[in-house]
Every structure is written in structure tokens, then in C-alpha cells.
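**Q** Annotated active site, proton acceptor per TrEMBL: His188, in sequence order. Per TrEMBL, the feature NAD(+) binding site maps to Gly12, Ala13, Ala14, Gly15, Gln16, Ile17, Gly18, Asp43, Asn106, Val130, Ala131, Asn132. Under the heading substrate binding site, TrEMBL lists Arg93, Arg99, Asn132, Arg163. Annotated domain 'Lactate/malate dehydrogenase N-terminal' per TrEMBL: 6-153, in sequence order. The domain 'Lactate/malate dehydrogenase C-terminal' annotation in TrEMBL covers 157-326.
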Amino acid sequence: MAKEPVRVLVTGAAGQIGYALVPMIARGVMLGPDQPVILHMLDIPPAAEALNGVKMELVDAASPLLKGVVATTDVVEACTGVNIAVMVGGFPRKEGMERKDVMSKNVSIYKSQASALEQHAAPNCKVLVVANPANTNALILKEFAPSIPAKNITALTRLDHNRALGQISERLNVQVCDVKNVIIWGNHSSTQYPDVNHATVKTPSGEKPVRELVKDDAWLNGEFITTVQQRGAAIIKARKLSSALSAASSACDHIRDWVLGTPEGTWVSMGVYSDGSYNVPAGVIYSFPVTCKNGEWTIVQGLAIDDLSRKKLDITGAELCEEKELAYSCLS
């Protein structure tokens with residue numbers, strides 16, 4: 001028997017990431033090859049014509065799983081009945097702007113979108129925030145959508161997780177699917193901590209620790225970390241545009257694993273509401289290693305944290321607390 005369609009909202013759908021993301025969703029990359037979807041696409045009024053162009057292309061792509069498209073500039077229409085919301089729209093930092101200016105703009109955007117989701121989304125709607133500052137935008141959304149469970153509001157650090165997997169696979173000249181259990185701790189910013197201390201690689205003689213195979217702690221504790229932290233800036237320098245394809249792909253990975261589950265023995269990185277695990281600040285959206293089952297994520301517990309890691313977990317946690325304070329000051 002055919003499944004009921006899932007309604008998936010993409011905000012900022014006429015933008016670069018949205019344009020890469022919506023065909024992936026329509027083709028089953030996010031929710032699987034047998035799950036029909038109805039796409040809800042939201043953008044701002046000046047982008048209405050471009051948004052309609054995206055809708056025309058979706059029709060022309062004739063994806064069998066796509067059972068309907070709502071393309072709108074009205075936030076209530078966009079949020080009505082949605083089961084999954086991917087929040088790509090936000091206010092980007094422009095030249096000469098202070099962090100507080102960007103935060104203030106995003107606080108007002110996420111406040112209004114939170115309120116529309118709160119009132120009009122389907123019960124148990126799952127939310128993924130992609131727009132930067134992703135962790136703190138997700139926190140604002142949580143504050144203004146109190147009836148959506150905190151565990152249903154997440155931020156995208158899967159892009160950083162995938163970047164870390166990619167760097168290890170290139171360094172060792174192995175398939176990226178054979179590398180697993182890297183961790184992104186903390187904020188989706190340049191303070192994030194890409195951690196390989198528990199990561200392994202599948203080899204003909206079984207799984208081996210990444211550190212044992214790389215045999216270069218200086219690279220793993222230095223250049224590897226900064227490459228992952230600065231990868232977004234490197235792509236802007238190369239493309240003259242920000243990461244869109246990889247961001248869209250990782251958003252699909254994030255939702256797919258959350259909804260359909262992570263493979264046994266594998267964890268992924270998600271920005272989730274911190275309960276204070278690993279002595280990081282509670283009450284912020286912080287990236288942890290998680291496993292997913294039956295549509296629920298669980299923080300992986302009991303991993304050893306060495307001294308270098310402890311410092312890095314604390315630095316990114318402190319930045320998230322500062323961002324939270326700044327965001328809350330924009331509310332008053």
C-alpha cells in the first residue's frame with residue numbers, strides 16, 4: 001500500500017541551497033525511494049518570481065515521488081500541516097555589519113517563523129535549522145515555539161561532519177563510506193571541534209582507528225581541524241559563492257538518519273538541545289555525536305575526552321553562551 005505523502009517545508013527555497021535541496025527531496029534522497037512528498041517552499045516577496053521558476057522546474061523534472069508543490073511568500077500557508085521543516089532562509093552577514101546586527105535580523109525572522117510553525121505545523125514536526133548562525137537560530141526558534149518539543153529542533157552540523165569524513169578519506173586514500181564516527185562538537189562556526197579520537201576506518205583486516213592509520217598527530221590536531229573549520233570560507237574563495245550543493249546534501253543526510261535511523265555501530269553529528277552531557281553548557285544548541293532510532297536521536301555517552309578535546313569543547317561552548325546572550329539581548 002502506498003505511503004501517505006510527507007509535507008516538507010524549505011524556507012529560502014529560491015536561494016542557492018534551496019535550489020539544490022528541493023530536487024533532492026523530490027527524488028527521495030531525504031526520505032527514501034518509496035516516500036511520496038509534498039514540498040512547501042517559502043521565500044520573501046522580492047524572490048516570488050524566482051520561487052515560481054523553481055516550482056516550474058520541479059514540475060518539469062516530473063519526479064514520481066512529488067505529489068504536490070506549495071510555493072508561497074506567506075509564512076502561515078508555508079507552515080500549514082508540515083511534518084518536516086528545513087529552515088534555510090536567514091539574513092546573511094553583509095560587509096560592514098556587526099555580529100549583533102546579523103543576530104538582530106535573524107532573531108526577528110526566526111521569531112516569526114517559530115510562531116507560524118507553533119500554530120500551523122503538524123504535531124511532532126521535526127525542524128532542521130541550516131541558516132547561520134544555525135545553532136543560535138535554532139535556539140531562538142525553540143524559545144518561540146514552546147509546543148514543539150525541544151528534541152524536535154536541531155541545527156545542521158552534518159555538513160562539517162561530512163567534511164571531516166572527506167578529509168580523512170582523502171588523506172588515507174580510502175572510500176569515504178569506509179570512514180565512520182568522526183564527531184563535530186559545539187557550534188557550526190570556526191570554533192567547532194572536529195574530533196577523530198573515536199573514528200575508525202574499515203580495512204581488509206577489520207576496523208582500525210583513524211589515528212593509528214594516519215600516523216600523524218600533528219596533522220590531526222592541527223591542519224585537519226583548521227581545514228574542516230575553514231572549509232566554508234575556502235569554498236567561497238574558490239567558487240565566489242557559498243557551499244550550496246554540499247549543504248543541501250548534508251541536510252538530506254541529517255533528516256534521513258533522524259527519520260530512518262543510523263546504521264548499527266555508527267553515529268553522526270547533530271546540533272541538539274544540550275542537557276549538559278560531557279560537561280558542556282546546558283540550554284544551548286550544541287553539536288554532539290548521536291545515534292537515531294524510531295525518529296528519535298540519543299547522545300552517545302561515555303566517550304573518553306582527552307585534555308586537548310576538553311579545551312576545545314569548552315571554547316566552542318563558551319562561544320555558544322555568548323551568542324545566546326547576544327540573541328536574547330536583541331529580544332529586549
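Even glycines carry a Cβ here, placed using N, Cα and C.
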**Q** Take the Cβ of Ala14 (NAD(+) binding site) and count every other Cβ within 10 Å, whichever protein chain it belongs to.
**A** 25
**Q** Do me a favour and check the Cα-Cα span between Ala14 (NAD(+) binding site) and Arg163 (substrate binding site); whole Å is fine.
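**A** Arg163 (substrate binding site) has its Cα 25 Å from the Cα of Ala14 (NAD(+) binding site).
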**Q** Just to verify a number: CA distance, Asn132 (substrate binding site) to the residue listed as 'active site, proton acceptor', in angstrom, no decimals.
**A** 8
**Q** If you average pLDDT over the domain 'Lactate/malate dehydrogenase N-terminal' (6-153), what do you get?
**A** 94
**Q** Which of Gln16, Asn106, Asn132 (the binding-site residues) has the most other Cβ atoms within 10 Å?
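**A** It comes out as Asn106.
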**Q** Using only C-alpha positions, which one of Gly12, Gly18, Asn106, Ala131, Arg163 is spatially nearest His188 (active site, proton acceptor)? These are the binding-site residues in the record.
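**A** Answer for the nearest of the binding-site residues: Ala131.
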**Q** Can you tell me the CA-to-CA distance separating Gly18 (NAD(+) binding site) and Arg163 (substrate binding site), as a whole number of Å?
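**A** The separation of the Cα atoms works out to 20 Å.
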**Q** Work out how many Å separate Asn106 (NAD(+) binding site) and Arg163 (substrate binding site) at their Cα atoms, rounded off.
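**A** On Cα coordinates alone, these residues lie 26 Å apart.
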